[in-house]
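Pulled from Swiss-Prot, these are the features on record:
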type    : residues                                               : note
BINDING : Gly126, Thr127, His128, Gly129, Lys130, Thr131, Thr132 : ATP binding site
Amino acid sequence: MNTQDLAKLRSIVPEMRRVRHIHFVGIGGAGMGGIAEVLANEGYQISGSDLAPNPVTQQLSQLGATIYFNHRPENVRDASVVVVSSAISADNPEIVAAHEARIPVIRRAEMLAELMRFRHGIAIAGTHGKTTTTAMVSSIYAEAGLDPTFVNGGLVKAAGVHARLGHSRYLIAEADESDASFLHLQPMVAIVTNIEADHMDTYHGDFENLKQTFINFLHNLPFYGRAVMCVDDPVIRELLPRVGRQITTYGFSDDADVRVEDYRQVGAQGHFRLVRQDKAILQVTLNAPGRHNALNAAAAVAVATEEGIDDRAILRALESFQGTGRRFDFLGEFPLAEVNGKPGSAMLIDDYGHHPTEVDATIKAARAGWPDKNLVMVFQPHRYTRTRDLYDDFANVLTQVDALLMLDVYPAGEAPIPGADSRSLCRTIRGRGKVDPILVPDSTQAAEMLASVLTGNDLVLVQGAGNIGKIARHLAEIKLIPQKTEEERHG
């Protein structure tokens, strides 16, 4: 951003007084890196640390950020403030050094709240669908020429980044309930997509505590703000009377203020009508599959309608929507060597969903778009606690595929829990008699084991939130199946 653009932005959004150097501990995370990217473009000196390089750190380095691939006390020297992700422990040497030097240490959401404080904030919360809905709202506002700032938890494929600094007063951000830090945010508009039991360690295992935290988040809206909520979700419907703010509901339900009707899916596109109160009915073509994405689009349209955005811009943005990284992310269709004596091909889709509801939505979208395909899932459970708490739900959902390969649980720093491991889950699924799962003990064996279950008319879903995305990219690079050596080809 040039000097003239910065001056224009400063007329809208004052800079943080006396803050020049901002250091991020865990800067390679999508949420952390997105905020760092916005601040770098605002002209702040950015540094950060993480354990290994990734596309986020590479992008920040190109913007002039100093990145350390270690955690050392000297990394925070001269920092005005240190921003930490929820994954960073209090005994991290950089955190300890910052406290000793009386450098403020704040959570990611506090910095996001500071970015939002002088802007018209739109926050997207909920157990599922936050990232995609954030991208949809951002796409509509950009298509309407409103040039928003956005901070997303996933890659916005149309922009090629997780976050972008705009020149207007609008800031669109994903709001994270996993550590309850979204309570720092004070938006003008808040979307809540759904509420389910997840991250229950944060809420001391008390679902009522989780529900009340969402209510408290919505009460951070000013009295003239607006909550946009999915009335199809039973928990949200239950909570509506407790929300003391203006509400717009959306969903397939007959009483929704923004109602989805006549949904049908053709391949990767959804087609449906959106019926709005006192507004023209919209005939929507959405370039994203699944009924869950129709709901995400309805939320985005509800916000855009409230803002007075032209319907033509809304429809253009949804029809050209390019999606987000690792959300039903199409990586290619690859020809296969002859399988069962017939030539064939397989589609490869990468998806971040790691909760049973998300996995179920992905499976349903795949079945609706490609009903004749052999549906193969490569799944990596995420966290032992989630696997334990949602064990039966996972077993029920994963029986819907035609073939299942399961990697070991991605621990995300957790210790193993007896009975909440992939071997146990495979055993339970096998006992239900619908699919015979294959345990993949070593991720390097995934491609070889996958080749053994392909039929030549396949849709392969690589599913999970851990490091399984690397496996998806590897499968795309090798075109799904390991290539034979010259010696193997010629016997």
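Going from the start of the chain as shown, residues are counted 1 onward.
Yeah, the Cβs are placed from backbone N, Cα and C, and that goes for glycine too.
Annotated features taken from Swiss-Prot, shown on the structure.
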{"residue": "Gly126", "record": "ATP binding site", "CB count, 10 Å": "24"}
{"residue": "Thr127", "record": "ATP binding site", "CB count, 10 Å": "22"}
{"residue": "His128", "record": "ATP binding site", "CB count, 10 Å": "21"}
{"residue": "Gly129", "record": "ATP binding site", "CB count, 10 Å": "25"}
{"residue": "Lys130", "record": "ATP binding site", "CB count, 10 Å": "26"}
{"residue": "Thr131", "record": "ATP binding site", "CB count, 10 Å": "25"}
{"residue": "Thr132", "record": "ATP binding site", "CB count, 10 Å": "31"}
Which residues, same chain and not among Gly126, Thr127, His128, Gly129, Lys130, Thr131, Thr132, have a CB within 8 angstroms of the centroid of the CB atoms at the recorded ATP site?
Ile124, Thr133, Thr193, Asn194, Asn296
